[in-house]
Protein chains: 2
Amino acid sequence: MESTAGQLLLGLLLLAGLFLAVGLGFAVLVWTPMPAAGRERRPGSYRDRSAGYRAWPRAVAGRLWARARHGRLTLLVAGRLSQAVAHPARLVVSGFTAAVLAGSLLLMLPFATASGHGAPPVTAMFTATSAVCVTGLVVVDTGTYWSGFGELVILLLIQVGGFGIMTLASLLGLLVARRLRMRLRLGAQAETKALGVGEVRGVILGVLRVSVLVELAVAAVLTWRFAVGYANSWSHAGYLGVFHAVSAFNNAGFGLYPDSLMRFAGDPLICLPINAAVIVGGLGFPVLFELRREFRTPRHWSLHTRITVGMSVLCLAAGWLAIAAAEWTNKATLGPLGLADKLLASLTTAVMPRTAGFNSLDVAGMRDLTLLIHDVLMFIGGGSAGTAGGIKVTTFAVLGFVILAEIRGEPSVHALGRRLPSGVQRQALTIALLGVAAITVSTLGLLALTPFTLDAVLFETTSAFATVGLSTGITAHVGTAGHVILGLLMFVGRLGPATAVTALALRERTRRYERAEERPIVG
Amino acid sequence: MESTAGQLLLGLLLLAGLFLAVGLGFAVLVWTPMPAAGRERRPGSYRDRSAGYRAWPRAVAGRLWARARHGRLTLLVAGRLSQAVAHPARLVVSGFTAAVLAGSLLLMLPFATASGHGAPPVTAMFTATSAVCVTGLVVVDTGTYWSGFGELVILLLIQVGGFGIMTLASLLGLLVARRLRMRLRLGAQAETKALGVGEVRGVILGVLRVSVLVELAVAAVLTWRFAVGYANSWSHAGYLGVFHAVSAFNNAGFGLYPDSLMRFAGDPLICLPINAAVIVGGLGFPVLFELRREFRTPRHWSLHTRITVGMSVLCLAAGWLAIAAAEWTNKATLGPLGLADKLLASLTTAVMPRTAGFNSLDVAGMRDLTLLIHDVLMFIGGGSAGTAGGIKVTTFAVLGFVILAEIRGEPSVHALGRRLPSGVQRQALTIALLGVAAITVSTLGLLALTPFTLDAVLFETTSAFATVGLSTGITAHVGTAGHVILGLLMFVGRLGPATAVTALALRERTRRYERAEERPIVG
Ligand SMILES: [K+]
Ligand SMILES: [K+]
């Protein structure tokens, strides 16, 4: 890489553009303009609304200044916080930000590292973001760089992040469904009805129950195997088992071995429990909840469950076949293994892009073809309101159903015998295209800032956006600016889709004066 | 590349899948099921319709066989042709197929090559497809491999292809607009009204006039420059001038020099006329027609013209800036040039991805970053109903307006003060996502079949789909299967978007029994 002025300038420009775009996008998504007090809001007036957007930064600055002068800053903060709780999408973003900050501070403590020197801020922050967003990309080796305390902090952050996203996304889903039902019944002016305490409690307890159950079961099998099969002491085996079980169920992909699962590529008693935990965690709580009640009666399943389960099976089968075929003779991956090991290792490799991030084969040794297959699978991701990332299988399927309906020339979009509301179609389109845009822009940024090639960079950005955590090994070497880009991508990828959909679906839809219709030629 | 059984199998599978997908897609798009004679078609019945789809292949086979037995095959062919003319999308596809076949046969003649041996079928077919689809990807050097006759055939194919796509796409656009107006007035059951002879004549003459005017003007400047500046004889300079002018206006990208325009990188009198011809040709006939009438009154411009002109300026400016910044110090491209030459060469490089395919810089020497910038610009492409390729700037802009409306929470999508019909939104989505799918699948296929890396392969497939014709140099080396994939991509990319939109917009929309609505969780 030539580190000249022109390239530096470009890199900075791209970085600034990315920050601006992400910041603005989030601001627009999660922050609705507040009508000035004492002034009637006229619905249907476009100028009013856009003026609200424009006047907003100045008004906030003024209010901040006024309150700071009167020493009421604490009041301001408390007020803002309580306001945030009233707005679910904001709550999610602030909660995750707080978790990342707290985790960063803990990881910067001297005794969090094995060397006792304290981690540099960028390393601590990147690791905390990666853990809270259950991604698994790392800049230092988890097992050797951090102390036991550091590993515990990471485990805690993973559990908090995974539990948080499952709970909050499920609650957001409930809220959206509730609001849409109410709007249908009472018209567009219906008051926001918060969720009842009972409902919230039910979701939290349900997520807790499933998490603990699956994690305990998987940890038990892993502990037994680590102790008996690999001559670890029972206490150490128990620690390894719990860490990997929590990391797997929360699709975090953090491991305690420097080669992830590569040394266990041929051991079904390690790989299969981890695969199972990854798949179960990636289905999402709404699906798990429904499956527990009606596992034996698929014809009672909701559309969401049917799409999620069907697409998951499809992606797994297609990925298994494609990865096995592409890597069968590659000497760096499947080539040297026996038939059974080949099948097991390619299955594990196919499970991980949705979106766990362990690897039992050497990612850096894979063919370009396999990396691109990974990119596609990672971008699609797993189930909504779970620990999986990506745009989610339902989003992908909805877009497919829209195209199918368009090709068939049908006026409304149908999926498995049900009609898809037009709102959900536009939301799926928005999520998918904003995802493509985020990955494209950050790929351009990393290409400008680092000497790495497109295949590696695209793999890393897709892995970060989809919070997968697989890596060709370049994450540690992309520099501070690169770490900031990847960290932002993880955060946006983890929270963006779910909060965006909620913000979009809950937004007040005011009718404006209708303008004349005109049709440009497309295609 | 390891050429083992497993990889070959995968390659063949991918290839078969691609063929199947493309073939099926086209069949579904351009071929509406014909109701059996003497049987009433019940509108609103879904089973009937889907039965029509399924029974169709058998019925056709039976009819073919029956007619062949009675020696009425010629009658059958004539009947099919006349039927094709009645269906505009089919007419376009059959016309371009006929032109490709005729061109291939001509290029296989012994005296079409400089060596006098006759080109192999794959070379002839690939070159003919590339010329008719005005792409410019080549497997042999145009100036040295073909004889004068061969070059004339190529020039003719370019002119036929460019004229054909401009005329036909403009007519299709008119037809769609007409049909939509009628449907609005008379309801869904309106009879297809063909375009009047006067309208068709008007479009053909208009395209002819614009083509001849621009091509003559550019050819004159180029001829003068080739003769005076580079010491060619006037007759040879005239030949060079006409060839490059036709190739530029039709966005074909075929050149007579083995290094495209690289030797003229610093000559504004060669580069600027070619750039101008490329831009004008790429705006599309509807825009040119409107600009000629109302160039001085932009507030009278239609939505289509405003979007096309605005997006073109935007893409050019952004591309110029990005490419100049990315390549400024690259020793293989802009590095050794002076300031003025740097600006000229980067401008030319920014003009060419939409979608001309000349190059005045060495594509193989560009950074990965620049190649990805190219990929984005090429995919977006130029204006509809012109010689440009890609998904078209209007398609891209429509998707942007949809996302903007969704983020703002507006119930209907507005663009520059007009409302966008929902049909055009879904069509834009379909075009863009099917384009992404075609490029992804063929990139996977080429990665499986060839030893090249992702950056080069993605560049080549995007270039083929968007009929750009820029190349990092691997097109000549991707093998027969690779040539078939790229040839298909050019054909699909050239005709797919325009015919798909027409087929989609003209399709009879029968209302089916409405099913219950259900909303899956997305994102
Ligand atoms: K992960
Ligand atoms: K071209």
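Glycine is treated like the rest: Cβ placed from N, Cα and C.
All TrEMBL annotations are machine predictions without curation.
Residues annotated as transmembrane segment in TrEMBL: B:91-112, B:124-146, B:152-177, B:203-224, B:236-257, B:269-289, B:309-328, B:376-407, B:427-449, B:484-506.
Across B:91-112, B:376-407, B:427-449, stretch B:91-112 shows the highest tally of CB pairs under 8 A with the transmembrane segment (B:152-177). Ranked by number of Cβ pairs under 8 Å to the transmembrane segment (B:484-506), the listed stretches B:91-112, B:124-146, B:376-407 are led by B:124-146.
Counting C-beta pairs under 8 angstroms (sequence separation of 6 or more), the transmembrane segment (B:269-289) fails to reach the transmembrane segment (B:427-449), with fewer than 3 such pairs. Count of Cβ pairs under 8 Å against the transmembrane segment (B:91-112): among B:124-146, B:236-257, B:427-449, the largest is for B:124-146.
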